[in-house]
């Protein structure tokens, strides 16, 4: 067991939350019991994740996507009220870490995804160092790399590019980072991988020759929160349980 305060201090210091300009609060979002012995992780603080945390008798739900965002109305009604009420009713803490959890060099979503896909990270760049670039351990055709990504993430990616093109240098940023495609193009990489695609990326990929892969917002961000919780568990002797949803987005 660990005091909630000590657990949060460790997370904040590990992820260096004070260094980031974020559009979501990082840290405790809903307060529950004072001591933490069991953590449930989830990409998002969805009602399904909360119900799972209740079933597991967890003390903390640790997520990447919390419930409060700067571009939303500051009201607690409807689905948000129901989620928060369930947490409060069972005295479960909910903490979320957003951009700091994307960017951490070993525990972050970018780093964890790279480990699974076989990307060798060489550089962090772009806005708040949220993008990574590096090389494949062995060059592959785009088609072969896509097949590998689909196997690892268990989701069929959206791909723009010639499947026969050889891919050596890649850039990536998990989640909804399609807006950073031009930044990746400027790095001179062969491929940019992220979680989502918008209309403009189709044209940029075709006109610049830089391949683009949208591998799923949820799918690319499964692993950071798990790594954070498992690292904390080693420090504090906690029990950890992971929750996942078949989110196609």
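Here the Cβ of each residue, glycine as well, is placed from N, Cα and C on the backbone.
The divalent metal cation 2 binding site feature in TrEMBL is assigned to 64. Within the same chain, residues at least 6 positions away in sequence whose Cβ sits under 8 Å from that of residue 64 (divalent metal cation 2 binding site) are 43, 44, 96, 97, 98, 101, 109, 221, 224, 225.
Feature annotation from TrEMBL assigns divalent metal cation 1 binding site to 65, 102, 217, 221. Sequence-distant contacts of residue 102 (divalent metal cation 1 binding site), defined by Cβ-Cβ distance under 8 angstroms and a gap of at least six in the same chain, are 108, 109, 110, 130, 173, 174, 175, 221, 224.
Around residue 221 (divalent metal cation 1 binding site), taking its Cβ as the centre, 24 other Cβ atoms fall within 10 Å, counting all chains. Taking a C-beta cut-off of under 8 angstroms and a sequence separation of 6 or more, residue 217 (divalent metal cation 1 binding site) has the following same-chain neighbours: 174, 175, 176, 195, 196, 247, 249.
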